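Colleague: Below: one structure in structure tokens.
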Amino acid sequence: MMDKMQVKPSIYSLKYSDLKEWLEQQGEKSFRAAQIFDWLYKKRAASFDEMTNLPKSLKEALAEHFDLTTLKTIVKQTSKDGTMKFLFELHDGYSIETVLMRHNYGNSVCVTTQVGCRIGCTFCASTLGGLKRNLSAGEIVAQVIKVQQILDEIGERVSHVVIMGIGEPFDNYEEMMSFLKIINDEKGLNIGARHITVSTSGIIPKIYQFADENLQINLAISLHAPNTELRTKLMPINKAFKLPDLMKAVKYYIDKTGRRISFEYGLFGGVNDQVEHALELAELIKDLKCHVNLIPVNYVPERNYVRTSKNQIFRFERTLKEQGINVTIRREHGHDIDAACGQLRAKERKIETR
Ligand code: SAH
């Protein structure tokens, strides 16, 4: 067990600039950084040994300092619609979920940023059991690599990334930022900023910080309610970061980046899915450059929420449209597998307590 804990840092945690710096410290030429990134991210090497254009001494130094194999696949489920869901085991025995979604516009990977979550949303499976630890940037990158290796078999690439797996990305800000820089790097996986979406439950100071990063990355806000009272019931974080302040932060983000923001709105039967809620929501966001994603609730056994009927979902959508709001109903992926965030992990939780 001790051995297991004393793992080397993952090579995937290094931004290009970090790798260059490390090479310089080793007395190596900095052009090696490009070669190593090429092996890691373009050729998807599975060991340092494969990096045949590097001198033997450098390959040994890399192997001595860094780990290249961090994720072990424990469960892989494939849905009829092509969605694949993975349960990966980390070096310390914790497990995380990653999802691949096949769209007509490309392949999108949904990544996890934390083992568990401490935000405590009342409808979410990820928060059951609280937060165990943050993931390193490398552990987040490795999820994309693992999925890319599967797509390599059919000659396709990961074109989109959504940070909508387990965890609150803004609660693990630094590692999340490194992750974004690594996958966005043109010498790496080269996933375009406009093809990346970060979703937050609304940690306001981090929304300002993220706006000031001057990136073209999409931001989604898990809103789920049109007023303070209801949002606090669904999401206790609303006590610390209040709805009116959240809306100010959102406005700042839009003004600063020029980007359209997405609001995620889960429809929970009899809770927030009435026409009056749609009207109130429209009023709240009508002056913002935004888009609403309606998410039919994913049933979580440990949670008491029920699905909104199809008719009611369409009525909600129509009401928003009539008020001039951009809205779509999220297409459901992998409905026949454990698609909701944290569901697979919750089911397989014996792994965590071993
Ligand atoms: N912590 C971040 C990232 C998670 S994204 C966030 O809160 O935004 C996953 C999205 O699915 C969030 O909008 C989350 O609120 C929503 N979600 C979680 N559990 C759900 C459920 N049972 N049904 C529908 N949506 C759910």
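Please read every residue number as a count from 1 along the shown chain.
Every residue, even glycine, has its Cβ placed from backbone N, Cα and C.
Quick paste of what TrEMBL says about this protein:
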ACT_SITE  Glu97  active site, proton acceptor
DOMAIN    103-336  domain 'Radical SAM core'
BINDING   Cys117, Cys121, Cys124  [4Fe-4S] cluster binding site
BINDING   Gly167, Glu168, Ser199, Ser222, Leu223, His224, Asn298  S-adenosyl-L-methionine binding site
ACT_SITE  Cys341  active site, S-methylcysteine intermediate
Colleague: Neighbour count, 10 Å Cβ-Cβ cut-off, for Ser199 (S-adenosyl-L-methionine binding site): what number do you get?
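Modeller: Other Cβ atoms found within 10 Å: 20.
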Colleague: Looking only at Cβ atoms, how many others are within 10 Å of the one on Cys124 ([4Fe-4S] cluster binding site)?
Modeller: 24
Colleague: Filtering Glu97, Ser222, Leu223 (recorded positions) by proximity to ligand 1: which pass a Cβ cutoff of under 6 Å to any of its atoms?
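Modeller: Cβ < 6 Å from ligand 1, in sequence order: Ser222.
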Colleague: Between the binding-site residues Cys117, Cys121, Cys124, which lies closest to Asn298 (S-adenosyl-L-methionine binding site), Cα to Cα?
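Modeller: Closest by Cα distance to Asn298 (S-adenosyl-L-methionine binding site) among the binding-site residues Cys117, Cys121, Cys124: Cys124.
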Colleague: I need the least crowded one of these binding-site residues (Ser222, Asn298), counting other C-beta atoms within 10 angstroms of each C-beta.
Modeller: Asn298
Colleague: For a quick check of packing: other C-beta atoms within 10 Å of the C-beta of Gly167 (S-adenosyl-L-methionine binding site), how many?
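Modeller: 30, counting other Cβ atoms within 10 Å of Gly167 (S-adenosyl-L-methionine binding site).
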Colleague: Rank the binding-site residues Cys117, Cys121, Leu223 by the number of other Cβ atoms within 10 Å of each Cβ, and give the residue at the low end.
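Modeller: Selected from the binding-site residues Cys117, Cys121, Leu223 on minimum Cβ neighbours within 10 Å: Cys121.
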Colleague: How many angstrom lie between the most widely spaced Cα atoms of the S-adenosyl-L-methionine binders Gly167, Glu168, Ser199, Ser222, Leu223, His224, Asn298?
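Modeller: Site span for S-adenosyl-L-methionine, by Cα atoms: 18 Å.
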Colleague: Reduce the DSSP letter at Ser222 (S-adenosyl-L-methionine binding site) to three states and note it down.
Modeller: strand
